[in-house]
């Protein structure tokens with residue numbers, strides 16, 4: 001254990017659970033997208049074109065939305081990234097994602113003003129190409145509070161589930177976590193279910209039984225080929241508005257996008273008052289694009305030299321990210337690779353999940369360094385590089401990280417992370433423009449734990465994890481002479497963010513929560529229903545424009561939001577089609 005203790009305390013090696021799986025195998029269906037004739041490169045697009053619907057953002061909401069609308073209309077889907085890892089090795093994509101310099105990188109890194117390392121999807125399929133794959137619905141209470149049609153919600157969830165959701169095989173480490181949660185009182189045992197209910201359960205996954213990832217891009221296989229055009233590497237710079245006789249508000253009538261060569265293309269809506277521009281660019285992208293197009297806080301837009309179309313002070317406000325904290329538990333026995341499969345939904349408002357793996361991407365050498373099993377953003381090598389400025393995350397830096405890891409005791413990489421995420425959260429912040437360049441990330445502040453209620457929930461979650469580690473059910477995966485205090489102390493030293501450490505206080509649950517806060521990529525808000533959009537997701541103050549994605553959420557749905565974001569795309573696609581044919 002002495003050698004293990006020294007390796008474990010080598011903080012940079014085990015760093016952050018940046019929970020995602022960039023490098024997982026993709027399904028055959030996604031690879032077949034390359035052969036779909038309606039998927040094209042933006043450089044091949046005409047300079048001027050027209051459609052019934054223009055959907056901006058081919059992500060978790062945009063793909064099911066566009067596929068649904070294409071059933072009876074002509075739809076253009078604009079995606080700023082490419083196909084999921086097409087024609088590139090996983091190692092190359094990992095390097096690109098870290099370096100954040102390649103336009104083909106599926107993830108664009110950013111650091112919030114709070115000092116937390118984060119990532120934004122830049123790939124067809126969006127965050128579903130990068131996440132841990134867990135699938136769970138929103139609670140019935142969430143659906144009622146959103147004012148959604150429960151019957152259409154259920155049918156939309158089922159449509160999603162038929163396409164890409166599977167029941168996971170539960171390996172021993174995950175089974176031990178499940179049994180430990182039940183032992184410490186996170187009850188009842190709800191078995192396998194998609195439903196969000198208090199207790200411990202096994203949820204769905206977008207990884208099939210062969211380990212291949214399925215993503216929101218799979219929904220495009222259900223599109224009507226003559227009804228849909230998908231353009232890749234298309235960066236939308238602004239939405240076009242005009243005045244129209246008899247209409248009291250500016251009317252959206254098209255968009256401008258650039259291809260990788262910098263050539264500008266214009267796309268217009270066809271004649272007809274039912275045709276619309278729909279923004280599905282995500283929590284960062286949707287408020288950013290509204291502001292770049294002149295819809296946002298007047299003083300902020302004028303400071304950037306943007307012509308104000310509508311003074312909308314709530315655009316970019318109420319942005320929140322569910323804080324996540326984790327602890328790495330070294331295991332005396334080998335642990336199988338597993339992502340999130342089990343979740344404990346506590347009565348105190350914290351959710352407990354776990355990930356484990358075959359030595360967490362430990363490098364091996366066979367004449368050239370390579371990764372035994374890479375967890376992508378979950379890997380320790382990502383944690384090492386995550387706190388470096390983007391320009392320093394080079395292939396050479398990755399090589400140095402690998403060489404340093406090679407010199408360490410391999411047992412330090414054997415084990416798993418138990419993580420907690422809080423409900424809500426109550427704390428929120430804002431998105432603001434840094435520049436008028438649509439390719440740049442905006443400035444983001446989440447204000448983690450600003451509200452005491454969020455911190456209290458985190459403390460309850462950490463205390464639950466402590467009991468899990470000490471439980472009989474989990475004892476096979478912990479060292480008998482390793483104290484809970486030493487395990488948490490080691491994890492408290494991981495460089496998971498850019499915040500200063502409070503070494504003397506880090507063992508208090510409150511300080512541990514604040515010092516080790518990370519993202520679980522469940523950020524949301526910025527275009528709230530009731531503040532920026534109405535109940536049908538139409539943007540206030542203009543016509544012909546909607547926002548349909550996670551930016552409209554005040555709180556994150558369920559333990560993991562991807563199911564509900566996909567559902568919303570299908571749900572609103574069906575509703576918009578229905579409205580179109582009403583006289």
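Cβ atoms are placed via backbone N, Cα and C, with glycine included.
Remember, predicted model here, so these are calculated numbers, not experimental data.
Over in TrEMBL, the protein carries these features:
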SIGNAL    1-27  signal peptide
BINDING   123, 236, 521, 522, 561, 562  FAD binding site
DOMAIN    282-296  domain 'Glucose-methanol-choline oxidoreductase N-terminal'
DISULFID  458-513  disulfide bond
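Positions of TrEMBL features highlighted on the structure.
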| residue | record | Cβ within 10 Å |
| --- | --- | --- |
| 123 | FAD binding site | 29 |
| 236 | FAD binding site | 25 |
| 458 | disulfide bond | 29 |
| 513 | disulfide bond | 23 |
| 521 | FAD binding site | 25 |
| 522 | FAD binding site | 25 |
| 561 | FAD binding site | 25 |
| 562 | FAD binding site | 27 |
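Using a Cβ-Cβ cut-off under 8 Å and counting only residues 6 or more beyond its ends in the same chain, the domain 'Glucose-methanol-choline oxidoreductase N-terminal' (282-296) has close neighbours at 56-57, 59, 110, 120-121, 126-127, 236-241, 306-313, 315-316, 319, 431, 433, 436, 438, 441-442, 444, 523-527, 532, 539, 541-542, 547, 549-551.
Residue 458 (disulfide bond) and residue 562 (FAD binding site) are 22 Å apart (CA-CA, integer value). Across the range of the domain 'Glucose-methanol-choline oxidoreductase N-terminal' (282-296), the DSSP-based residue counts are 11 helix, 2 strand, 2 coil. For the pair residue 513 (disulfide bond) and residue 236 (FAD binding site), the Cα-Cα distance reads 38 Å. Residue 561 (FAD binding site) sits 19 Å from residue 458 (disulfide bond), counting Cα to Cα. If you take the Cα of residue 522 (FAD binding site) and the Cα of residue 458 (disulfide bond), they are about 16 angstrom apart, rounded to a whole number. Ranked by CA distance from residue 458 (disulfide bond), the binding-site residues 123, 236, 521 have 521 at the top as the closest. A mean pLDDT of 98 is what the model gives for the domain 'Glucose-methanol-choline oxidoreductase N-terminal' (282-296).
Overall, the recorded FAD-binding residues 123, 236, 521, 522, 561, 562 cover a maximum inter-Cα distance of 25 Å.
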